[in-house]
Amino acid sequence: MVQLVGSLRKELADSLSTCKVLVVGAGGIGCELLKNLVLTGFKNIEVVRFIYFCLCVSVAKESALQFCPSANITAYHDSIMNPDYNVEFFRKFMLVMNALDNRAARNHVNRMCLAADIPLIESGTAGYLGQVTVIKKGMTECYECQPKPTQKTFPGCTIRNTPSEPIHCIVWAKYLFNQLFGEEDADQEVSPDTADPEAACENGWIVIETAARATASEKDGDIKRISTKEWARSTGYDPCQTLQQDDIMYLLTMDKLWKKRKAPTPLDWQQLENSMCPQEETPVSGLKDQQVLGVWGYCQLFQHSVETLRSQLQEKGEGAELAWDKDDPPAMDFVTAAANLRMHIFSMNMKSRFDVKSMAGNIIPAIATTNAVIAGLIVLEGLKILSGELESCRTIFLNKCPNLRKKLLVPCILDPPSANCYVCASKPEVTVKLNVHKTMVLSLQDRILKERFGMVAPDVQIEDGKGTILISSEEGETEANNSKFLADFGIRNGSRLQADDFLQDYTLLINVLHTEELERDVEFEVVGEAPDKAPPPQNNQEEVNSITNGNKDSAQPSTSYKAPAADDDIMIVDSDEEGGVSSSSAAAVSSGTKRKHSDTETGETSTKRPRTEQSSAAAALTDNDDDDDIIALD
């Protein structure tokens with residue numbers, strides 16, 4: 001007769017009390033998950049979460065302990081990508097559970113679990129939609145087996161000079177936050193971009209020298225350019241005049257930018273203050289976060305948030321930095337106000353705090369019930385793994401509306417690993433198309449290896465028979481190479497590079513395909529996920545994709561170009577038969593075709609119904625937890 005401890009077999013209950021599990025993320029899903037784990041009988045739990053408020057992890061821990069005071073919960077306020085959390089750290093656990101919304105962190109945890117050969121339960125929510133899946137090395141697809149929609153980025157000249165959509169202004173405001181209060185990044189400059197190609201001379205791509213601009217006449221603004229950080233310190237963080245007036249006057253001197261688009265209007269802060277201060281703005285009805293304030297209202301919000309953030313920075317001491325977090329009210333107020341003032345300057349309709357937060361965090365507002373359901377499903381899949389029943393694990397989709405079988409939860413069999421995955425394949429390999437005469441070593445390291453392929457600390461060796469070290473993760477060893485071009489090291493069409501990340505225990509072979517036909521603002525392209533062979537030198541493939549830039553809030557064209565967004569509509573599976581549907585067929589597809597599968601219970605053939613455009617945004621399933629990416633758990 002089977003012995004039970006509560007609702008669990010005694011053997012399983014004993015296993016729960018002794019096994020050690022890791023939870024990554026302690027937000028909407030993570031907090032629910034901690035509660036569920038201790039109530040189920042897990043006694044040894046470690047949780048890692050990086051967020052501006054270290055208090056959040058402690059609150060989650062203390063709340064969970066109220067349900068089971070005897071549980072041993074260790075909370076880390078840190079980034080899971082910290083080298084301290086290496087493969088040996090992951091091997092301590094029998095199970096890892098992800099509750100993240102950051103693609104880079106998801107990729108990293110996926111690789112660490114593959115290296116440690118530890119089962120990973122991945123999860124995410126978006127409004128009423130949710131998903132849970134299990135990842136096991138050699139048995140299932142890993143998180144990176146299926147390509148994810150490319151995250152939208154915007155060239156610097158658009159952000160700094162010619163914003164045409166609210167999202168451009170919001171990105172600029174987030175950059176400004178980092179320039180003033182956070183970690184300064186040269187790629188997040190907010191001052192006018194004098195190297196804008198559209199502002200170049202008629203007879204070539206010769207850009208007007210910055211020094212010449214600095215000596216412009218009084219009519220042209222007569223503004224001397226200094227770095228944002230230097231200026232902020234020298235003015236006691238008084239950003240009003242420079243950002244909304246001086247920088248805009250400087251932009252107006254770049255007259256070629258405004259021949260075919262409406263020019264911005266500098267915001268005269270002093271005049272606005274004199275005219276608006278004595279008056280009360282018309283009260284706005286509705287919820288506070290959904291109100292759109294007037295210009296003076298955002299001016300006041302901007303000033304107040306700057307003062308608050310400056311005080312926080314001073315309290316932290318010399319050399320301290322703040323990290324932007326959508327759940328930090330002063331930081332969110334700062335971005336909301338700064339973005340809206342810039343929208344006003346560039347003749348766009350201003351947005352509510354709610355709208356700005358949704359775009360700034362790329363999030364769909366969380367629904368507690370969805371998080372609770374997904375957290376419960378994570379535990380159920382975890383119990384299967386600890387019972388040794390990995391073959392019975394499923395990818396489970398939570399739909400907003402019942403399917404044709406009147407089911408909200410749709411379980412699907414787990415797919416096997418993809419032979420073309422550049423992460424979990426036996427010999428990961430990719431081909432990268434770039435211009436070896438224009439691509440610098442630093443760009444290879446930061447843009448390609450770290451951003452595109454998710455490495456943390458890459459080492460790169462050229463397969464030239466000499467073992468030439470191009471990039472070293474050891475500080476100072478190869479920094480002199482950063483400003484050199486790949487061609488300077490003999491890298492040409494058909495060259496092969498070996499990139500190693502020892503933290504992730506990950507090696508990737510990169511075949512270089514040299515081309516001079518990349519579109520403007522495109523630094524490189526990945527050709528296939530895992531090519532069979534290195535491309536022959538004589539077969540350079542031309543890029544034929546048309547790249548355009550949309551424009552929603554302004555009738556004027558933008559300076560830049562961007563790739564069209566990937567089609568990532570969610571498809572609803574109209575069957576709950578586990579054996580009939582695989583997780584890949586139930587995931588988002590971009591082909592636009594309907595797939596069919598047989599319903600083994602009824603003998604009928606059912607189809608997936610594509611969601612309407614309104615539901616397309618929900619294709620990115622996330623836990624509104626740590627950072628600000630929307631991730632489709634394909």
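Using the three backbone atoms N, Cα and C, a Cβ is placed for every residue, glycine included.
TrEMBL annotations: computationally assigned, not manually curated.
Listed in TrEMBL for this protein:
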- C157: active site, glycyl thioester intermediate (ACT_SITE)
- G25, A26, G27, G28, I29, G30, S79, I80, D101, N102, R103, A104, A105, R106: ATP binding site (BINDING)
- 539-561: compositional bias 'Polar residues' (COMPBIAS)
- 566-579: compositional bias 'Acidic residues' (COMPBIAS)
- 580-592: compositional bias 'Low complexity' (COMPBIAS)
- 623-634: compositional bias 'Acidic residues' (COMPBIAS)
- 432-519: domain 'Ubiquitin/SUMO-activating enzyme ubiquitin-like' (DOMAIN)
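Known features from TrEMBL, placed on the structure.
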residue	record	Cβ within 10 Å
G25	ATP binding site	30
G27	ATP binding site	23
I29	ATP binding site	32
S79	ATP binding site	18
D101	ATP binding site	30
R103	ATP binding site	21
A105	ATP binding site	24
C157	active site, glycyl thioester intermediate	21
If you measure every Cα to Cα pair among G25, A26, G27, G28, I29, G30, S79, I80, D101, N102, R103, A104, A105, R106, the residues listed for ATP, what is the largest value in Å? 19
Mind checking how the domain 'Ubiquitin/SUMO-activating enzyme ubiquitin-like' (432-519) divides into helix, strand and coil residues in DSSP? 19 helix, 28 strand, 41 coil
Grab the pLDDT values for the domain 'Ubiquitin/SUMO-activating enzyme ubiquitin-like' (432-519) and give me their mean, rounded. 94
For the C-alpha pair, I'd like the distance in angstrom between R103 (ATP binding site) and C157 (active site, glycyl thioester intermediate), rounded off. 26
